[in-house]
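*Asks:* Swiss-Prot lists these features:
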{"type": "DOMAIN", "residues": "13-137", "note": "domain 'Arf-GAP'"}
{"type": "ZN_FING", "residues": "28-51", "note": "zinc finger"}
{"type": "MOD_RES", "residues": "SER127", "note": "phosphoserine"}
{"type": "REGION", "residues": "138-184", "note": "region 'Disordered'"}
{"type": "REGION", "residues": "163-232", "note": "region 'Interaction with clathrin heavy chains'"}
{"type": "REGION", "residues": "217-259", "note": "region 'Disordered'"}
{"type": "MOD_RES", "residues": "SER219", "note": "phosphoserine"}
{"type": "MOD_RES", "residues": "SER223", "note": "phosphoserine"}
{"type": "MOD_RES", "residues": "SER225", "note": "phosphoserine"}
{"type": "MOD_RES", "residues": "SER231", "note": "phosphoserine"}
{"type": "MOD_RES", "residues": "SER240", "note": "phosphoserine"}
{"type": "REGION", "residues": "340-429", "note": "region 'Interaction with PICALM'"}
Amino acid sequence: MTGKSVKDVDRYQAVLANLLLEEDNKFCADCQSKGPRWASWNIGVFICIRCAGIHRNLGVHISRVKSVNLDQWTQEQIQCMQEMGNGKANRLYEAYLPETFRRPQIDPAVEGFIRDKYEKKKYMDRSLDINAFRKEKDDKWKRGSEPVPEKKLEPVVFEKVKMPQKKEDPQLPRKSSPKSTAPVMDLLGLDAPVACSIANSKTSNTLEKDLDLLASVPSPSSSGSRKVVGSMPTAGSAGSVPENLNLFPEPGSKSEEIGKKQLSKDSILSLYGSQTPQMPTQAMFMAPAQMAYPTAYPSFPGVTPPNSIMGSMMPPPVGMVAQPGASGMVAPMAMPAGYMGGMQASMMGVPNGMMTTQQAGYMAGMAAMPQTVYGVQPAQQLQWNLTQMTQQMAGMNFYGANGMMNYGQSMSGGNGQAANQTLSPQMWK
């Protein structure tokens, strides 16, 4: 091979390489496979190796196949490839190919398609002259086949336009309906009905004064300005009531005024009238008549029921037993734990468990409460409240002529002989 021929081969390879760079020549003209390296120079198309074998079977009178890299090319062959190409050849041989046609991928189907395309010229535009079509310049058919390059449009700059904001309707202020405050109902009846707290302040103070069970006498400072509704005690009785509340007055000075300051039951009830609230049937400090001490011992006071307050404070009937002796003292025999005998004796009188004698001076400093404090006469059965009991206790004198009351004196009308009977030998067998 001469130098001239070597230069031509290199030049032809360069021309084929440039033809393969075109967009239509990058794919097989028949099966659209990528990267064809074979060509049918008489038809002027680039094909893949599989389609090249089928083209060889068609015969050299229809297709002549050459390799782009392995075979030597001549100037005539290069000229045929330059005149046609895949795009121009498909425009000629696939002019009537249906748009919905799908190119086959299996070898028998591909061979049948290639034979119909080049041997039978089934999809060829027969109106065109092949030689005249070959000699046409590439620019002429490219202008009609290739899409017109889109003009580069300048980027549109969108200006920010402030949209007019919708004017919101001014919200009308909602008129809040005043909440009706219902008067608070006192279901338990604990509050006293007061018409007006400001205008009737004196009336409310009066009601509070009436509801106080122990405030039987108005204070000296407010007695002139405030008037309590209801029957109030007179000035003479008002001064004597605080003194009557003292349960332990002095024996020397108070013994002379006992007759003047003792109040009757009618005067006590008249102090309160209708304003005094009634106590329940079972009074706090009262015991029914049937709960009194047995009639065999009339000198002892009545026994309070176990459910009352005074009954709960009293000890069980174990008590103390007084035995007469030379020393004149009381020898305690038994006493329940948690109780103070002296306090009970001074506050409650004689318990039902204490047995005494008629000798004077055995229980110094103690006095028996009258039977009327603990029990009510069966014929009367009146209900007393706390204030009435206080008035009765205030009017009593716990001291006798010698400064103390003899323990053996009977409050229920019994004599000394009945008290001595309690120490009979039969009681302790």
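In case you wondered, yes, glycine gets a Cβ from its N, Cα and C as well.
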*Asks:* What mean pLDDT score does the region 'Interaction with PICALM' (340-429) have in the model?
*Replies:* 46
*Asks:* How many helix, strand and coil residues does the domain 'Arf-GAP' (13-137) contain under DSSP?
*Replies:* 57 helix, 11 strand, 57 coil
*Asks:* Within 10 Å of the Cβ of SER127 (phosphoserine), how many other Cβ atoms are there?
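*Replies:* There are 6 such Cβ atoms around SER127 (phosphoserine).
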